[in-house]
Amino acid sequence: MAAVQGGLADTNEEKDIKTEPSSDGFGNNNANDGRVLSTSPGSSASDQQTLLAVLQFLRKNKLTESVEILRREAGLPEDSPELKGSDSSGAGSGGAAGSGDKEGGDASSLLSRTSSVTAAGEDQPDVNVVLSAYNQQGDPPLYQVYYSGLKKFIESVLDCHRAELSQLFYPLFVHMYLELVYNNHESEAKAFFEKFSGDQECYYEDDLRVLSSLSKREHMRGNETLMDFRTSKFVLRISRDSYQLLKRHLQERQNNQIWNIIQEHLYIDIFDGMPRSKGQIDAMSGSLAGEGKREANKAKVYYGLLKEPEIELPLDDEDEEAENEEGKPKKKKPKKDSMGSKSKKQDPNAPSQTRIPLPELKDSDKLDKIMYMKEATKRIRLGPDNLPSICFYSFLNAYQGLTAVDFTDDSSLIAGGFADSTVRVWSVTPKKLRKVKSAADLNLIDKESDDVLERIMDEKTASESKILYGHSGPVYGISFSPDRNYLLSSSEDGTVRLWSLQTFTCLVGYKGHNYPVWDTHFSPHGYYFVSGGHDRVARLWATDHYQPLRMFSGHLADVTCTRFHPNSNYVATGSSDRTIRLWDVLNGNCVRIFTGHKGPIHALAFSPNGKFLASGATDGRVLLWDIGHGLMIGELKGHTDTIYSLRFSRDGEILASGSMDNTVRLWDAMKAFDDLETDDFTAATGHVHLQDNSQELLLGTYMSKSTPVIHLHFTRRNLLLATGAYNP
Amino acid sequence: MAEERRQKQCSVSLPTESMKAMAESVGVGQLQEESCAALSEEVSYRIKEIAQDALKFMRHGKRRKLTTNDIDNALKLKNVEPLYGFQSQEFIPFRFASGGGRELYFYEEKEVDLSDIINTPLPRVPLDVSLKAHWLSIEGVQPSIPENPPPAPKEQQKVESTEPLKVVKPGQEEEGTIQGKSQGATPADGKGKDKGLIRLKPRSTHELSVEQQLYYKEITEACVGSCEAKRAEALQSIATDPGLYQMLPRFSTFISEGVRVNVVQNNLALLIYLMRMVKALMDNPTLYLEKYLHELIPAVVTCIVSKQLCLRPDVDNHWALRDFAARLMAQSCKTFSTTTNNIQSRITKTFTKSWLDDKTQWTTRYGCIAGLAELGPDVIKTLILPRLTVEGARIKAVMEGPVVSNIDKIGADHVQSLLLKHCASVIAKIRPQPDNMEQYRTDYGYLGPMLCSHVMKARTQAALQAQQVNRTTLTITQPRPTLTVSQSGLSGSAGSRTPSIIKVPSSLTLMTPRPGTPSQPSPPATKYIVMATSAGASSTQQVFQDFHSVLHSSHPQGSLSLIGVTLNSMNLHLQPHRSLALFPAPLQPCSLW
């Protein structure tokens, strides 16, 4: 690759000289850079550039020691007069641009350039460093020629390579357009966009819309989408053969312009073997930054479930309870006989019990577990021939204000978050909601009595619903704690609040996200919870810490939904960048990146056995993922609008999806997963062969009466509860 | 097309005039063109950016509609102060104004007198949020209850009835595939695909749930019962309830049987009630009646042309029923006539045939003319006008000749006024102006002079109306009694005011039997019918086909078990002295058929 670059550099220089007279001071500078970059020995240009940018940042913040250390480690020349000069220019002298030019030199010219841009009065130096990479490298009118040349080439190659190489179109298009815009060739940029935007895949339409509104260099600052393109390399997966073909073509044509973009902004993940088909590529592409790198999905994930704690059941009627003992592993994985015997053994795929510290079970938790097991024995076995009944809870008079809903695991409480900042809790059982008595009254009661738990409740406050006030913006996420004592809510005001369902008051406001928090979810074991928001960061919290324990950053756009793995060791986040990431709670690493959705992801669900993940997005599709192998294993098409809710039945046999198109759909999850498990080939190569069997897997479609389905929940007996606000 | 759209996206930006207008509104007078251009680009970009962010809030708010709040939130995200006090749940009307070569869209902000606001009584407190539970599906089958959408939307019903082989109902298809799967899932999995190809239209079973049966009973009893208020309520329900699709075969059989029986008994009141039911069914926006026309049309036509519809033809106003039924007929012709069923041409043919017959009685004659006349001015022009002379002679014979019977005289009188009423407006349009009595007499015979005066009246009226409304007349039909319904359905704005919650039944049984009065969201008190006076598309009258062959070709499957119950009860209601007559041979009144 280095050789190629060197060869291309000569032509590069010639072009630069040609354009020099027409370009302004910046252009002049940049032309210099082009030469410097391409001839700099040893390290690649972009690396050095980043390094210098970091140096620049450090110096600006007066971190002189760090500057020294970094410089020593990177082997850059010792502090020189040039650097001082640029330092002063960083402080505000406008003439630095010229001086930097005269100094020449490897590092100094780069530094002076960045600092001169800084001196132009910007408050985001790092942004400028990033943007400055779009320096002038070619003749703007020739961009169209380059692009259409490549287009012609790709259209002429063999069919098997064409699909793979077509992936190049979109990233190249974007970067060439941005380059034009950055260099103030507004009309050329516009013409370029108009000519080629129609060729792009339809699922990039949203991004293209953002791009189209961007026509000035000034707009590029602070534009998130643009920053995503710059800060991350667009990842493409291309087979070796196709790649060779492309490389040869570009060398023959001396098409250094496109080659430079590929080098700088694209990450090409080359694999050996058959080129992929169009369908395979389409299935995986669509995210903001291309596909996930293959090695990103190689880390081991302990997707197994934790061992259930041993609980002695009160053997009042032994017959039923005896069944319970055996029925216990049902929750884990009843469908496989091999799993049935594992109830005592540790699942090899499960994390160790103490991998992350989990709270101890309280007596009340144990009682709840017993209740759970009792209920589980009465559970209906679902299947294609035995569909669940669906009970629909409609919110009336919500005036389009219902934004989030959650059920408790035992389906006794339902909570709704509203656009008017309130959180409302309803009791769905005849048991009314009661507050705990005030402290003064609590003093009066007899603490030794057996029914002390009853006595502490204030009968006067009994009501079917309670309203929780505290947020100052729409409540977008809501989640009950597994023990039903707490409720979490996340809101536009940037906070996550923890409410007590004993006193119906707010206990803690977790501040950290300074922007709207789109979703929050309690760990299935309690104590931990995760939240994600507009700041593109998902945070892991513990209820007793006011600061987050982990920050999961890596998404390129808003984190739109968050979900805990059933074993509490992992967190899945879906994002507007159209990727799903799986994070390890232990070390905060991103262990899986799933790409394939063509719109922001709004729903996630883990299968009860922890092996699979289902995701739903605005594109109306449900995608199924194998967590262990890091592969897409299914696509369920049918919905016509955003999917807001996904849920597996308690045994994992049925997947229910609820959507904005007012329907609940049921899918045969067993079949979807079974089809896959035999296919070893996909696991080895990382390719997906998706068969279009959505119609076969669709078990039922149930339309509601103009009520978008925004939450689904399977009761412990496998009755499906759906909710939504009625829109007259 | 996508490309075009995209290109538009690329180029859309605010015009520079907007910048000028805005600058002027904040007091900056002279803004240079260049600055305007620069500003407009910048502003367009920022607006797009904010709109994109606002969309995010809309999505997370789980809405389809962008609200002002979303914009506010997006502004807050950018650290910009939101627009205070600019709240609207609904669409914001922008007004348009032009003048001085400028076009301006603006949001009207009225100056409000504070005292006005203080003095106005407080608006009603909006209803509190409440939860309501219903079964969306019971073990895979969606119950047809008012909370669920109608099982088959009108469009689908239409497709089903016009192209029966093409469509497979989604619900049935699902069941079909499920069965296919359960079969295919057993040993031969590979053949599963073949099975998907064979798509037979499954036999549809018409099972009514208990609630539906109760509803049917209540409705039919109310429709033919003695209580007018109840009837109005029931008709209202038929006309608006979305879930009647399943019961349609029952209703149509009920009507056709009812007409059959009551024509024989000359029970005018019941016939009127039944026709009102037909009208209500036709008015229901969720029903498509095509499949049931073979039952409904004979019933309606019977009510138009039957020789005798009441016990005392000289006193009772059976003419009104004929008119009403004729209007119904015309309406169904308009809605359902296609090139395959040729309803209109066949109806026309039937009417003309019996009208031309000399032996036809005056009552039938009246019905035929009414039926034809309602089909529109074209039909009047081509079929009725040429026969005015003959008809006039016949009327003259009765009116001026020896007194045969009072009944004939009344009949002739009604036919005469009917002809005058319908023909006058048509003649007024097609005949050039000077209206000459003598000319009319030569053209139209006996009826000529009377027509002439009617035409003149029609002309003056038309001129008057033309001044008031442009070529359309608004007629207000009799206002329906407003229904207030105690039940609050899903659609109930009349729901309970307190936050209430209905628990889900713990077992999987049906919900409580559904009351006979379904929820009614907004009672349409008055109905405006706009009648265009201009001649519409002319009907296809060339093709004549035998009526019976097609109409009777498809009978709906379904039992008539319930019809007995209700017929029984309606007879009890109205004619306690009469014995139940379910099986008289109805040949005589239906001789036309």
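Placed from the backbone N, Cα and C atoms, the Cβ positions cover glycine too.
In TrEMBL, annotation is done automatically, which means it is predicted and not curated.
Over in TrEMBL, the protein carries these features:
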REGION    A:1-46  region 'Disordered'
COMPBIAS  A:12-21  compositional bias 'Basic and acidic residues'
REGION    A:73-111  region 'Disordered'
COMPBIAS  A:73-85  compositional bias 'Basic and acidic residues'
DOMAIN    A:138-266  domain 'TFIID subunit TAF5 NTD2'
COMPBIAS  A:313-324  compositional bias 'Acidic residues'
REGION    A:313-360  region 'Disordered'
COMPBIAS  A:336-347  compositional bias 'Basic and acidic residues'
REPEAT    A:395-436  repeat 'WD'
REPEAT    A:468-503  repeat 'WD'
REPEAT    A:510-551  repeat 'WD'
REPEAT    A:552-593  repeat 'WD'
REPEAT    A:594-627  repeat 'WD'
REPEAT    A:636-668  repeat 'WD'
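With helix defined as DSSP H, G or I and strand as E or B, the repeat 'WD' (A:468-503) counts 0 helix, 19 strand, 17 coil. Remark: secondary structure over the repeat 'WD' (A:636-668) totals 0 helix, 20 strand, 13 coil, with classes taken from DSSP. When Cβ-Cβ distances below 8 Å are used as the criterion, the repeat 'WD' (A:552-593) is approached by residues 224-225, 228, 231-232, 286-289, 292-293, 296-297, 299, 301-306, 350-351, 355-356, 358, 477, 518-525, 528-534, 536-540, 599-606, 608-610, 613, 615, 617, 625, 627, 630 of the same chain, each at least six residues removed from its ends. The average pLDDT the prediction assigns to the repeat 'WD' (A:552-593) is 92. Taking Cβ pairs closer than 8 Å, the repeat 'WD' (A:636-668) reaches residues 330-331, 333-335, 376, 379, 381-384, 387-388, 390, 599, 602-609, 612, 614-618, 620-624, 692, 694-714, 716, 718, 720, 722, 724 in its own chain, all 6 or more past its ends. Applying DSSP to the repeat 'WD' (A:395-436) sorts its residues as follows: 0 helix, 23 strand, 19 coil. Note: the domain 'TFIID subunit TAF5 NTD2' (A:138-266) comprises 99 helix, 7 strand, 23 coil (DSSP; helix = H, G, I, strand = E, B).
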